[in-house]
């Protein structure tokens, strides 16, 4: 096994072959089974691309809730014989993300290439990751942007990091949570800007709030913030000019009051179902953001970012997904991408029994939910209450426990 990781061509070749097999199998299942392999979102993407190819708006396709950039990227799917172009693009994006992970582990963490590749394989050879991308989920593209962002920050390429952060948030809203962690991580000591005179007078600095404020505003923080805002604003203004209010409505505003109770692991799913049916009244869809954002945008960055930026980003993402009012399997990729950075020093590796228990409970909790989902989707049985609701609570409880382990590891070990 050790020799495998000493030969990158074998690992990346295996990752590509795994995805190629799933692509071929997916085409066969789509043609021969009532249960389709291709994700319904991919049909939405390709329909939107077809509208764009005809000179129309991608938002002419109902339920297209994404940036027009995605429809533009998938324009080849409107050509004869190129329907699976997007799936191939997403699958290759997975592999590129894995390459960036290995590169970051060697350049910043000083790992040997074989050891870095071993941990990168947690992503590259993960069947869940390969399955989701080959079904037509675009998360692989986003994961490339996020890991490229992390690599750029760790290697002090601040302008590039700002561009990638702005592009990532434009592509999908949630990466904005990384902004506070990155800014907090970029302190004076890392930039080498704090003078010896400043270091010799901590008591004086503590009494001077204005000094702290000025010390916080460093060149790197300013550059990152302005570059990210300029990129995000430039893209949004351009898209608004092209597609007017439907762009803002479907890409951003829709998600503030989104009601989606199908394929939703969140404990909010039953409430969303009742809300969609008109059985309950209230604004809980918006209130659900409070614990989610408090944890992922405020508490975790302040507590963890200076200990470990990748660890803080993992904890932020895990908290964001766990507390999100909509939680689907695709969202798991958002935090799985950070596992190669967290695992080497984690308690899950130091205590294999704990690692196996965490993995088993995470999988079992999903399986119990999927069983109830099968009763609902395929057998037509009403399983929202108590089946799906209890399964969602169980999965939520498991994730809260895992989040506690991650936060503790990062705080104590700097994972």
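Backbone N, Cα and C define each Cβ position, glycine as well.
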Can you dig out which of the ranges 53-73, 158-178, 179-199 Swiss-Prot describes as transmembrane segment?
158-178
Which stretch does Swiss-Prot mark as transmembrane segment, out of 284-304, 305-325?
284-304
I'm a bit unsure how to read this: which one of 8-28, 329-349, 387-407 has the highest number of Cβ pairs shorter than 8 Å with the transmembrane segment (134-154)?
329-349
Same chain, outside the transmembrane segment (354-374) by at least 6, Cβ under 8 Å from its Cβ: which residues?
263, 265, 329, 346-348, 383, 387-388, 391-392, 394-395, 398-399, 401-402, 405
So which residues does the transmembrane segment (8-28) touch in its own chain, when a touch means Cβ under 8 Å and the partner is 6 or more beyond its ends?
37-38, 84, 87-88, 91-92, 94-95, 98-99, 102, 113, 117, 120-121, 124-125, 127, 130-131, 133-135
What stretch, picked from 82-102, 158-178, 222-242, 329-349, has the most CB pairs under 8 A with the transmembrane segment (284-304)?
158-178
